[in-house]
Amino acid sequence: MYWIRSKKLKERLALGFGASLVLFTLLLVIDLQMDLGVSRGEFIPSHGRVRFASEDDKSGIYNEFHRKYLAKSNASGSKEYLTTNPHTRGRTDTSGAGYPSKQVTTAPPHDRFKDLTALVVAPKNRRNPQFYERIVVKEDQSDDENPTLAEMLDLRVSPNATNLERFQLSITKNELYAKSDKLVDAVIQDMVSMPIKHVVQKEGGTQIKLIIEYPNDIHALFKPMRFPREQQTLPNHFYFTDYERHNAEIAAFHLDRIMGFRRAMPVTGRILNITTEIERVCDDNLLKTFFISPARNKCFHGKCSYYCDTSHAICGSPDTLEGSFAAFLPTQADTQRKVWRHPWRRSYHKRRKAQWETDPDYCAMVRDIPPYDEDRRLLDLMDMSVFDFLTGNMDRHHYETFKIFGNDTFPIHLDHGRGFGRPFHDELSILAPLLQCCLIRSTTLETLLLFHNGPKSLSEQLRDSMANDPIVPVLWEPHMVALDRRVAIILQAIRDCVKKASEEEDFDAAGQNHLDQSFS
Ligand SMILES: Nc1ncnc2c1ncn2[C@@H]1O[C@H](COP(=O)(O)OP(=O)(O)OP(=O)(O)O)[C@@H](O)[C@H]1O
Ligand SMILES: [Mn+2]
């Protein structure tokens, strides 16, 4: 009798365990899309897909690339924070002393990556797709409709609409603005030259941001300068405790534009008078945080969860202050944005790892989950990975899309304040999406090849693009060098992907031959 009861109990337990397993898997899948915060790396991956055929590749291309690259770059030693100088012992020099010493080694000949160029120019083979077409993807956009926000909302642009309003209403399903859009410069010019009417602190977010109000209901998002350009990310800071850099926002906008993405709102620098253009026109809450520092500079700190106190105040010199001004996203009714959790989000914890950091098959799981299973979204994440790797931004926790355009629309490139912090370090983990999926848009690869082979390098194009910004030079020179270096690293990553896939193709073909022979 007891035995029967215990057996029932066992069965019940087994049933219960089975049910909770199903529920847990469901939760993980939903979490990936809806950001419930369950899959933050605490759990061992339950899916065991085998992506690569060869036995020695259990860790995947991402880890392999990491190892290979580290082995190369470690030979020359770290160039960051050369602090072990007897005269500076005990102090960490973050003012740019980490400029790399001139290397004695001769540079290898320029690799033009002709193998990759061949893949970009090869026509798409619809009938009999080649193995590399799964890596370098050519999109079919022939029947792609691209409505504007104005069309979707059935709004007409009124004759006295401001440049910003026109810009906002001409945002399309595919991009924020068209390649030759004249409104971009007009919107920037307005933000630079219009008088500031009112200032309030933006609520939410972790670090201080101000909403700037100009006449005619024009708004911009302001991030203040905290440090000189040469200041690098503090060595003991994590990506999530790093200070935001106003110039990173400006440079990111220009980079996004010359990459041909056009997914970042226009951003410009501007030099303000902190007294007349902020203190005298701000609301009471912000006004309460103003003070004069011992050096007789005008300062304020606002209220926020990171660095909003007297010891982290924003100070003028004595009352001039530099900052970045981002054109405001649309505020019209029905232009709400959907917030998505980034599948390759980091753990935002000083000890924990995210699932993608330990699971080489992570991409295979993401590929199955809407909206990453169709249309452009996964390719957009690859673009974002390229973009963030170039700037060194590790802070991509969420991204936003315009709800009204549905799922087959671009992710808005927002929040780049934590880029451009470590010019002597290339953070390969930012490339994890690209390396784990082995996937890139053909047009993006083409752009990278053009930067790499000229006639104009990425840094030269960026320098030209930012030449008219009021706070030029926007970036410290080592960041420019880093950009060109990183382009070559991305190209090498794609080459490795293609090589691996071609080896597998050969391996499969050989296996097929072998089978054919044994049957004949
Ligand atoms: N140009 C813009 N116009 C209007 N709203 C914006 C603009 N840029 C960003 N925002 C909104 O403000 C929020 C915070 O901006 P941002 O991410 O740059 O600041 P943050 O302090 O880094 O925030 P968080 O700490 O949440 O990452 C964004 O999530 C976005 O919804
Ligand atoms: Mn942020």
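Backbone N, Cα and C atoms are what each Cβ position is placed from, and that goes for glycine too.
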According to TrEMBL, GLN207, LYS223, GLU244, ALA326, ALA327, PHE328, LEU329, ASP415 bind ATP; identify which of GLU230, GLU400, GLU427 is listed for that same site. GLU400
Lowest local Cβ density (other Cβ within 10 Å) among recorded positions: GLU244, ASP395, ASP415: ASP395
Helix, strand or coil by DSSP: which one applies to ASP395 (active site)? coil
With the Cβ atom as the reference point and anything under 6 Å counting, tell me which of the recorded positions (GLU244, ASP395, ASP415) are near ligand 2. ASP395, ASP415
GLU244 (Mn(2+) binding site) to ASP395 (active site), Cα to Cα, whole Å, comes out at 10
Distance check, please: Cα of ASP395 (active site) against Cα of ASP415 (Mn(2+) binding site), rounded to an integer number of angstrom. 8
